[in-house]
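Inspection log for the structure reproduced underneath, given as structure tokens.
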Amino acid sequence: MTKLRVGLLFGGRSGEHEVSINSARAIAKALSAEQNTSKYEILPFYIQKDGRTLAGEAPQKVLGSGIPLLESQESSSGGHLISNPQTQTLNQWQSPSQVAEVDVWFPILHGPNGEDGTIQGLLTLMQVPFVGSGVLGSAMGMDKIAMKMAFEQAGLPQVKYKAITRGQVWSNPCVFPKLCDEIEATLGYPAFVKPANLGSSVGIAKVRSRPELEAALDNAASYDRRIIVEAGVVAREVECAVLGNDQPQASVVGEITYDSDFYDYETKYTDGKADLLIPARIPDAITRQIQDMSLQAFAAVDAAGLARVDFFYVEATQEVLINEINTLPGFTATSMYPQLWAHSGVPFPELVDRLIQLAVERHSPN
């Protein structure tokens with residue numbers, strides 16, 4: 001049987017570079033599992049923090065060590081440069097034979113330029129199957145404002161929010177106080193200030209006062225030109241995983257518990273900082289509601305392949321509010337997505353196999 005050559009694309013220029021490496025290592029291990037080793041051949045491609053893409057021995061070295069490769073280490077690592085954004089030309093792929101060998105791409109790039117539709121556009125132009133959502137689903141899954149608008153259109157309940165631009169924050173000093181007045185009047189405290197296009201809780205702040213709000217808006221504006229402010233809610237945080245294309249399935253529901261003030265970057269990616277309870281100890285009716293809403297959210301943003309959908313469960317009122325959808329969730333040892341499917345009867349190696357088959361199926365002309 002001819003092996004399918006999987007282009008494992010990882011690293012990237014975002015602040016989630018290390019998360020991407022850890023996810024790629026787990027996927028590579030799954031592809032090397034006994035049930036998959038006869039099906040797939042791994043062709044790793046590593047995007048350095050400066051945006052240059054390497055093939056050859058360098059990606060293998062990063063997968064083995066889990067340590068990012070510095071620009072100065074490239075020549076000694078056996079890396080072969082296949083893409084260099086510094087050339088500023090359209091023809092950036094300097095070794096088309098390396099890229100042409102790929103039968104299906106598995107992009108595991110988190111954050112901007114990875115799960116926001118940009119790399120998906122490039123892979124679409126290559127006319128090669130790839131795991132995950134296309135340009136539209138990825139872009140809407142990344143931009144929290146567009147996502148909220150899609151949820152609203154689909155009739156999914158969510159917390160109150162306000163969309164803001166960097167220009168409103170860094171504009172005339174007379175305008176900014178009025179903006180803060182409006183946020184306080186419509187959302188109140190506590191509230192969460194978030195860059196619209198960053199993942200893994202990067203740049204997010206919980207604010208309880210006017211000084212904290214002003215500082216958080218200024219900080220968020222340094223990350224992104226689009227900012228979202230959401231009303232805080234006292235609720236349990238639960239998540240559901242989705243797998244499939246036109247007829248997706250929802251996993252069991254899991255709950256995240258933590259001692260920190262909110263589920264920030266450090267809490268997400270530090271062992272012992274958060275506990276995952278699977279299945280969540282919630283009523284069966286609430287579980288079914290969350291699963292149904294997850295599938296609705298998946299369709300609302302035109303997602304494909306995989307997604308993790310996050311919710312707030314307000315126990316006092318039995319309300320379920322959708323928080324966000326992540327169309328390229330993490331695959332690290334602590335990531336909720338693979339754990340949810342493992343508890344649903346789909347072990348990690350099988351999950352990776354199914355994702356690749358879904359990619360091939362979605363891009364089939366038939």
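Glycine too: its Cβ is placed from the backbone N, Cα and C atoms.
According to TrEMBL, the feature active site maps to E16 (among others). Of all Cβ atoms in the protein chains displayed, 25 besides its own lie within 10 Å of the Cβ of E16 (active site).
Annotated ATP binding site per TrEMBL: K144, 192-194, 200-201, 230-237, 323-324, in sequence order. DSSP assigns R236 (ATP binding site) to a strand. Taking a C-beta cut-off of under 8 angstroms and a sequence separation of 6 or more, R236 (ATP binding site) has the following same-chain neighbours: E255, A280, I282, F312, Y313, E315.
The domain 'ATP-grasp' annotation in TrEMBL covers 148-357. The predicted model assigns the domain 'ATP-grasp' (148-357) a mean pLDDT of 92.
Among the features that TrEMBL reports, active site is placed at S200 (among others).
Annotation source TrEMBL lists Mg(2+) 1 binding site at D310, E324. Applying an 8 A CB threshold to same-chain residues 6+ apart, the list for D310 (Mg(2+) 1 binding site) reads E237, V238, E239, I322, N323, E324, I325, N326.
The secondary structure of E324 (Mg(2+) 1 binding site), as reduced to three states from DSSP, is extended strand. The Mg(2+) 2 binding site annotation in TrEMBL covers E324, N326.
Feature annotation from TrEMBL assigns active site to S335 (among others). Non-local contacts of S335 (active site) by the CB criterion (under 8 A, 6+ apart in sequence, same chain) comprise S23, P329.
Close to V234 (ATP binding site) in the fold, though at least 6 residues off in sequence, lie V314, A316, each with a CB less than 8 Å from its CB. Summarising the environment of N323 (ATP binding site), the number of other Cβ atoms within 10 Å of its Cβ, over all protein chains shown, is 21.
Taking each Cβ in turn and tallying the other Cβ atoms within 10 Å, the top scorer among the binding-site residues E230, G232 is E230.
For V193 (ATP binding site), applying a Cβ distance below 8 Å and a minimum sequence separation of six or more within one chain yields I204, A205, V207, L213, A216, L217, N219, A220, I227, I228, V229.
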